[in-house]
Amino acid sequence: MADVGVWYGQLPRFTRYWLTATVVASLMSRFSILPFHYVYLSRRLVLGEWEIWRCLTSLFVYPLTSSTGFHFLINCYFIIQYSGRLEKEFSRSPADYLYMQIVISAMAVIGGLIFNVSFLMDILVVAVTYVWCHLNKDVIVTFWFGSRFKAIYLPWILAGIELIFHGSVASLIGIFIGHLYYFLKFQYPQDLDGGNFLETPKILKRFAPDISGGMSGFGIPPGNRNNQAPSGGFTSNWGRGNILGR
């Protein structure tokens, strides 16, 4: 148990908060502490009955059953791996990472309302994974049966699997959200000399102050950063028989 406590304490702060809130809220819903019919996202109930809290609960509650438990664990693995690694890249400015999570969560709620997605964990996980993959696009990841490819293709492969085998568009929504954030945060201001529409509010900077100033490693346009990726890169164990799907 001590080893688990040490591992948990070493997770980046906001990744740890996200993982904890998701696990606790999902277990509370599973055991009816949080009534299931009060936590899912519903366009009719949010816009018609003004049950606004569903926009928050649907971000953290996942419907745990005997058939969805494995997928929930895979999503938790992705939070630990990709959110954790992405947050470390924001390590000098934790408020920037927190703001990214807020922006992606807000867009996930909008996407969930439009496409009637009741629980938003899949959207959030894929969106964050997409951002990490594009900031590390030349890193090689390992997928099923030892197949290897660049990280930039991973979100599309996951979305294809989920769409074909489970008929879900949640991963596609996550890809769109992740790309929109990546474009507005990195491509538009750095590659196209546009304005920074996603500048972190000062109130978040006061809540999570910069460490030595600035965002770690992101002063260089993404295209140039890729040339600095170490040979071999990060190898993911996710592809060894684990499917991101319901």
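Yeah, the Cβs are placed from backbone N, Cα and C, and that goes for glycine too.
According to TrEMBL, the compositional bias 'Polar residues' annotation covers 225-239. Summarising the annotation, TrEMBL assigns region 'Disordered' to 225-246. If you look up TrEMBL, you'll see 17-40, 60-80, 101-132, 152-184 marked as transmembrane segment.
Proximity of distant same-chain residues to the transmembrane segment (60-80), defined by a Cβ-Cβ separation under 8 Å and at least 6 residues beyond the stretch ends, is recorded for 11, 15, 18-19, 21-23, 25-30, 34, 36, 39-40, 118-119, 121-122, 125, 128-129, 238, 242-246. When Cβ-Cβ distances below 8 Å are used as the criterion, the transmembrane segment (152-184) is approached by residues 100, 103-104, 107-108, 111-112, 115, 117, 120, 122-131, 133-135, 137-138, 141, 143, 197-198, 236, 243-246 of the same chain, each at least six residues removed from its ends.
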